[in-house]
Each structure stands twice: as structure tokens, then as C-alpha cells.
Amino acid sequence: MTDTTVRRGTTAGSSRARPPATAEGEGGAGRGARTFLRYLLLVLVGLLFLSPLIFMIVTSFKTRADAGAYPPQWIPNPFTTQAYESILTASGTPVLRWFANSMIAALSNAFLVVATSALAAYALARMRFRGQKIVFALIIATLFVPPVILIIPNYLIVGELQWLNTLLAVIVPTAASAFGVFFLRQFFLGIPLELEEAARLDGASTWAIFWKVVLPLSRPALATLALLALLTNWNDFLWPVYVLFGPDQQTLPAGLSTLQSANAVRYDLLMAGAVIASVPVLLLFVFLQRFIIEGVSRSGLKG
């Protein structure tokens with residue numbers, strides 16, 4: 001009788017310990033439904049943000065009549081590459097020349113921004129000198145100045161230097177970046193000071209520490225700043241329109257604006273040119289996104 005009682009008690013306890021199978025199934029189904037809805041929402045939001053890019057690509061493969069038709073069609077009919085052929089072969093639209101000008105200007109400007117910002121940021125992060133905080137505050141204060149206010153002074157300076165209608169006019173004026181100094185300074189403050197002190201004990205100079213210790217550890221931040229500077233220069237439209245006059249000296253955004261006139265707009269050509277201008281940017285972001293995420297996340301650790 002005792003054994004029977006024990007077995008019954010054990011059986012009853014086991015039944016109470018395990019929830020019903022139906023409850024487990026309902027809980028799993030609920031979690032699965034929530035996960036499905038979450039991912040469905042993310043997909044819909046992603047499509048919403050990608051819709052302008054998708055429409056741009058689709059329109060670039062339409063005919064001239066279909067590109068300007070209303071309501072617009074999402075599927076090209078007929079599918080044609082006429083816009084790309086026209087924009088790449090027309091004598092009045094040297095797109096490849098504009099593309100080369102934009103690439104030269106953007107890469108040169110990005111290099112100068114990274115170089116000047118890294119040197120200034122390291123001095124503000126590690127060196128101690130009188131008025132250091134005032135200098136840093138003045139640099140930060142320039143971030144609050146609207147760029148449009150600087151157009152006339154910069155134009156006069158570029159004219160005095162005889163840089164008008166040359167790529168130097170779109171490279172040099174923005175070679176120093178207050179945001180770049182602030183961004184890299186925050187990153188440098190997150191590098192352990194012990195690493196630099198160990199290198200100094202080994203006889204390394206300040207330049208050697210900066211070049212061989214700090215910069216290699218700062219590759220994510222440097223890559224992020226380079227990409228941001230490149231994108232800013234690549235997409236700049238207003239300043240190149242003012243300082244570049246000749247058709248062969250235009251950058252890509254300024255050159256593409258000549259595809260429209262007061263009487264007609266070639267949407268197919270504009271979209272084809274926009275696709276050509278977007279491809280390098282998208283490729284750079286795909287290859288550098290790991291450095292961008294790491295650089296942005298680590299730059300906010302120190303104040």
C-alpha cells in the first residue's frame with residue numbers, strides 16, 4: 001500500500017510539474033506569430049525606404065515617354081537601355097568626364113579631411129597646451145555656422161587664388177572639417193593611454209606613436225570619416241555650380257542638372273545619371289559598413 005501511495009504521489013507531482021502540451025504549443029505559436037509580424041514590419045519599412053531607389057532604377061530603363069507618364073508604372077514596358085546609351089554617348093553630356101571629375105575631387109578631399117582632422121584631433125586629445133579648451137570650443141562653434149554663409153567669402157578667396165573653373169575650387173575649401181576633428185578626438189580619447197606610454201618608454205617619438213600606434217588602432221574611425229567626407233563632396237551641388245563653368249569641368253551632380261531645361265525634363269536620362277552616380281557610393285558603403293558601425297559606436301565612449 002505504501003508503494004502504491006508513493007507511485008501515485010510521484011505521478012501526481014509529475015503531472016503538476018509539467019504544463020499541458022497544449023499550453024506549450026499555444027505559447028510557441030504566439031511567439032512565432034509575434035516574430036513573423038516583427039519581421040514583416042521590418043520588411044515593409046525597408047521597402048518603404050528603398051522605394052525611391054527602386055523607382056529610380058526602374059525609371060532609368062524606361063523609354064522617354066514612359067518615364068514621364070502619369071500615373072507612373074513600376075515595371076518598364078518595354079525594357080530598354082536607351083537612356084544609358086544616350087547619356088554615355090551624347091557629345092553634349094560627357095558623363096564619364098563628370099564622373100572622373102567627381103571621383104578625383106571626392107577622393108582628394110576625403111584624404112585631406114582625414115589628414116588634417118587626425119592631426120588636429122590628436123593634438124587636442126593628447127597634448128596639453130594653454131588655451132586648449134578654448135581652441136576646441138571655437139572649432140565646435142564653427143559647426144553652428146550655416147554653410148551657405150561661407151559661399152561668398154570662399155568664392156572671393158578662390159577667385160583671388162585663380163582657382164575658379166578648376167577642381168582645386170571644390171577640393172581645398174572643405175579640406176578642414178570641424179566635425180572630423182570632433183569625431184576623431186572622441187575616438188582618440190577611447191584609446192588606452194597605457195599603449196602610448198609603453199611606446200614612449202621604448203623610445204618612440206610623438207610622431208612615431210601617432211603614426212604607428214594611434215592611427216592603426218583608429219582605422220574604423222578613419223574609414224568612417226573618409227566615407228562621410230567623400231559622400232559630402234560627391235553629392236555637393238551648390239558650390240560646384242558656382243565655381244565650375246566649363247562643360248568638361250563639371251562634377252557629376254552639377255553636370256546632371258544640365259539634362260533638364262525650362263521647357264523639358266528628361267526623366268529617363270536624369271534617373272540613368274542618378275544610378276551611375278549612386279553605384280560607387282553604394283559599393284563603398286557595402287565594403288566599409290563594418291568599419292562605419294565600429295567607428296561610430298566607439299567614438300561616443302569618451303567625452
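Glycine residues also receive a Cβ, built from the backbone N, Cα and C atoms like all the rest.
Note: TrEMBL annotation is automatic and uncurated.
Here is what TrEMBL says about this protein:
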- 1-29: region 'Disordered' (REGION)
- 1-14: compositional bias 'Polar residues' (COMPBIAS)
- 39-61: transmembrane segment (TRANSMEM)
- 98-122: transmembrane segment (TRANSMEM)
- 99-288: domain 'ABC transmembrane type-1' (DOMAIN)
- 134-157: transmembrane segment (TRANSMEM)
- 163-188: transmembrane segment (TRANSMEM)
- 209-231: transmembrane segment (TRANSMEM)
- 269-288: transmembrane segment (TRANSMEM)
Note: vs the transmembrane segment (98-122), the recorded stretch with the largest number of Cβ pairs under 8 Å from 39-61, 134-157, 269-288 is 269-288
At an 8 Å Cβ cut-off, counting only pairs 6 or more apart in sequence, do the transmembrane segment (209-231) and the transmembrane segment (269-288) clear the bar of 3 or more pairs? yes
